[in-house]
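Below: one structure, written as structure tokens.
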Amino acid sequence: MNLNDILKELKLSLIANKNIDESVYNDYIKTINIYKKDLSNYVVVVKSQFGLLAIKQFRPTIENEIKKILKQPVNISFTYEQEYQKQLEKTESINKDHSDIISKKNKKVNENTFENFVIGSSNEQAFIAVQTVSKNPGISYNPLFIYGESGMGKTHLLKAAKNYIESNFSDLKVSYMSGDEFARKAVDILQKTHKEIEQFKNEVCQNDVLIIDDVQFLSYKEKTNEIFFTIFNNFIENDKQLFFSSDKSPELLNGFDNRLITRFNMGLSIAIQKLDNKTATAIIKKEIKNQNIKTEVTNEAINFISNYYSDDVRKIKGSVSRLNFWSQQNPEEKVITIEIISDLFRDIPTSKLGILNVKKIKEVVSEKYGISVNAIDGKARSKSIVTARHIAMYLTKEILNHTLAQIGEEFGGRDHTTVINAERKIEMMLKKDKQLKKTVDILKNKILTK
């Protein structure tokens, strides 16, 4: 039994417990999570420290229910989210230190290479441009200006350029820095003597290649821009390569002297577009391989992640790290399904998937059963309509995590006991009816990825 199933059964039993007031359930218990430390140790995580105190008297009840569900003796601890996150970060830090030691021993290759960059329609032109210039620095497209929103892979490409040039042109000296780093150095040096300012310029100009990531951080800094302008001209005049990245195209940059904007456009300016779904999916699969996740991840689960995170490569990698952690905590699970994924990422606002609401759930379910949305909300008692209504209620609880009272109101003003009965009935049917389970899985996938 996976953690998602355990949590579902636990919440159903607790809401039916007459000793637990509905307001206590809705305020503190509804949002709890359960995680597995190892085969015999589980941890129940409450949203806040206050919530942890509020459910103190119900801890024995929660422990007993979990043991009943698992049908085995286990150790159960309780904590709250902030504290649990601290514990996770501490564990990750220890694991990272261990990984760093192993990496050094194995002389692990830098991950920011052209070979490790996932190419798709959204970034192909930028990739070709950076790779081409890296193979012939200072010859053409000088400067090379890459622009696009944060998290699209600009930093990866610029670091790949640095690594490639250093590996293939041992006689060339390469300097890589962020725009913020350059600005801080310039501001510091401007407090010093003219001689020291000139020395700083000369030190930067000793390089054969200059790469500045997020050059927009130099905007609205007049004195810094004067230093930058001098350095820029030195590189161009001496056929030394310049690489820049920014969140905007040169024409849209504010806070720069016009002569700098003109020079940004002297070479080649090229955009990295938002990731398309195909590229995001490829990045997820590559990251799963890179993180050596042995548990199989279904295509539906991967599509779910790409729908959430196609706007940011860093978030994609972070989401796969979350999968990796879950996989390590649940070694007995052989497959990561969309049900597990949707539960694992339930803390992420559903707005990231577009308009995900009760209306959408009703529409998808009613379409499947060939009935109207009004029929789901109405009083009709035919078998197909009742089944569709119960499934829609069940999915509303599963996906949106609405309260029983909310769901009752959203489905024709029914009371919360009707919702409990509907949810329990579907839960029981899913355990016995494989075809129904398949249907519900398909509906859930369609709702989440449509």
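Cβ from N, Cα, C; glycine included.
These come from Swiss-Prot:
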REGION    1-76  region 'Domain I, interacts with DnaA modulators'
REGION    76-107  region 'Domain II'
REGION    108-327  region 'Domain III, AAA+ region'
BINDING   Gly151, Gly153, Lys154, Thr155  ATP binding site
REGION    328-450  region 'Domain IV, binds dsDNA'
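What Swiss-Prot annotates, mapped onto the structure for a quick look.
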residue	record	Cβ within 10 Å
Gly151	ATP binding site	18
Gly153	ATP binding site	26
Lys154	ATP binding site	24
Thr155	ATP binding site	19
- Message: Please list, in sequence order, every residue of the chain apart from Gly151, Gly153, Lys154, Thr155 whose Cβ lies within 8 Å of the Cβ centroid of the ATP site.
- Response: Gly148, Ser150, Met152, His156, Leu157, Ser245, Ile272, Val313, Arg314
- Query: What are the helix, strand and coil residue counts for the region 'Domain IV, binds dsDNA' (328-450) according to DSSP?
  - Reply: 88 helix, 2 strand, 33 coil
- Find the average pLDDT over the region 'Domain IV, binds dsDNA' (328-450) in the predicted model and report it. 83
- Task: In three-state terms from DSSP, label Gly151 (ATP binding site) for me.
- Result: coil
- Message: From the DSSP assignment alone, can you count helix, strand and coil residues within the region 'Domain I, interacts with DnaA modulators' (1-76)?
- Response: 42 helix, 14 strand, 20 coil
